[in-house]
Amino acid sequence: MHIVTVAEMRELEAQADRQYGLSSPILMENAGKSAADIFMAHLLPHHSMNGLEVLFLIGPGNNGGDGLVMARHLQEAGAFINLYYWKEQRLRIRDKDIAEPEVAKTLDEAIKSADYIIDSLLGTGRSRPLSEDMRALLKRVQQERKSRAELRIVAIDLPTGLNADTGAVDPGALHADMTITLACPKQGFFFFPGRDYLGDVYIGDIGLPADLERDLPTEMLTTNLVHSLLPERRLNSNKGTFGKVMIFGGSLPYPGSIFLAGSAAARVGAGLITLAVTEQMLPIYASSLHEATFAILPDEQAGSFERAKALIAHLEGYRALLIGPGLGQSPTTREVILQVLEHLRALPEEKRPRLVVDADGLNNLSAMEHWWTLLPENTVITPHPGEMGRLAATKVSGGDISRLDLAREKAKEWKVILALKGACTIIAHPEGQARINLLANPALATAGTGDVLAGMVTGFLAQGVQPFDAASASVYLHVLASTFVSQELGHAGLLASDLLPQIPKAINRAAVNAPSYPD
Ligand SMILES: NC(=O)C1=CN([C@@H]2O[C@H](COP(=O)(O)OP(=O)(O)OC[C@H]3O[C@@H](n4cnc5c(N)ncnc54)[C@H](O)[C@@H]3O)[C@@H](O)[C@H]2O)[C@H](O)CC1
Ligand SMILES: [K+]
């Protein structure tokens, strides 16, 4: 499922017309029909269509055209349809035109009696701020929604007032309960504040041949995509089949982080987890992660050379190495990292463990000049905005469109797979592709969830999943697992360790080829 800008969407539609004769009117018929089908599938079986009061706000362009086609299908299915043509200020109540002097009053009654209000005012063609009278209409609808919880607002293609490319919003933009977008999710959906205006997102099929999307650079993470990225789990396997993971991290102030990362690597199916810790730390893990083995490192006093030598000596045969969770930033630690990176760079590709650097691993790196030149190729880094700011020596937003260009630019410059975390995490590839997660869950804003994600990425790498795919699958499954917790606990109070048993369930959901997004 590709993500499009307005220009990319226009180009898709133009190609569809040129190459397949799929003209605007045909695409609009498909769009309206698909929107009606999604609407009815979402509604039934809880509600019947018969007698359902649906008010359509019809705009002057093709977005309005989509709405009119959808209205026709809903009427055929038994709904009572009211149409307000915004530009002409014309109102039709159940196929009867309302005399001009009565329009304002009757429109207000239609708003008050509607079960659903469909926003097909403006879509990707919005080219200027909303006019005062459109803002007034949308404000009236928003008021009604506030006062009548059972009213639902459905946006066609996107909520009017949302900028489809950037996620910026007009002051009068409409908050939808449900957005039925056509053909592809729009880039503005993945950035704030726009993300907050969408409600549940559904993607209507307008019949665009899939091969037209082939060269688009940005994809949305979906269950179907993750399904295609998961490693095979053949019957005749043993733990060696699914690779060995080494985790270098954990220090006294943050002992739990490598427990979380190690458990998560095991929960995505890695064959064996080894924690590289000092003798002093060992008892903490031996009692909490029974399945782990240990690479005992000399403590800090032994000096960085001895510590690095011990870690490197254990690395033989490991397919993935995670540096970072709870590591701390002592000068010795920095030295150890430098020596381990030098060792990794010297290894032949087929012998080199795939590397993930997270948390303090990143903070140690950002203190080094041209740190990115020290990394072996195909390293995955998983910074949150603060860590990214230190790595890139720039201010990094937690949610706006600037994240996408920065992620792309830095993945290319640093030659890394870059998972820039945030409400909609971006995974950027050095060659320019990017994948973005639409699923977001505020419950994840709690300590340790990043350790879990880093462990998941490492666990998939150990199973031979390519770095870009390992990061993509992990980001999606991490949030999906959190939604299983939130179904029970709500959106606060999730502990990072609550995610661990949910990870296999999330993988299972993707593995059984579940319907495409949303779940
Ligand atoms: N193009 C296609 O083949 C398909 C389009 N789809 C749907 O159509 C819209 C895009 O249609 P378009 O006509 O380009 O734009 P809009 O309908 O969003 O409206 C543009 C329309 O409105 C006027 N306008 C622009 N800004 C404002 C404003 N701030 N206030 C008032 N009026 C404004 C402008 O002059 C135009 O007349 C897309 O979103 C889809 O919903 C189909 O889905 C697929 C085929
Ligand atoms: K709309």
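Every residue number used here counts from 1 along the chain in the order it is shown.
Just so it is clear, glycine is given a Cβ too, placed from its N, Cα and C backbone atoms.
Given the structure is predicted, the values throughout are model-derived calculations rather than measurements.
Site annotation (TrEMBL, ligand AMP) includes K421, G422, A423, C424, T425; from G432, G448, G450, the additional listed residue is G450. When the candidates N63, N82 are compared with the K(+) site entry in TrEMBL, which names D119, T160, the shared residue is N63. Long-range neighbours of D119 (K(+) binding site) (same chain, six or more residues apart, CB within less than 8 Å of its CB): L57, V141, I153, V154, A155, I156, P159, T160, L174, A176. Checking the binding-site residues N63, G64, D119, R126, T160, A423 against ligand 2 with a 6 Å cutoff on the Cβ atom leaves N63, D119, T160, in sequence order. Considering only the binding-site residues D66, D157, the Cβ with the fewest other Cβ atoms within 10 Å is that of D157.
For G64 ((6S)-NADPHX binding site), other Cβ atoms within 10 Å of its Cβ number 23.
When the binding-site residues N63, K421, A423, C424, G450 are screened for a C-alpha within 10 angstroms of the C-alpha of D157 ((6S)-NADPHX binding site), the residues that qualify, in sequence order, are N63. For H384 ((6S)-NADPHX binding site), other Cβ atoms within 10 Å of its Cβ number 20.
Here the binding-site residues are R126, R128, K421, and the one with the most other Cβ atoms within 10 Å of its Cβ is K421. With a cut-off of 6 Å between Cβ and the nearest atom of ligand 1, the binding-site residues N62, N63, D119, T160 reduce to N62, N63.
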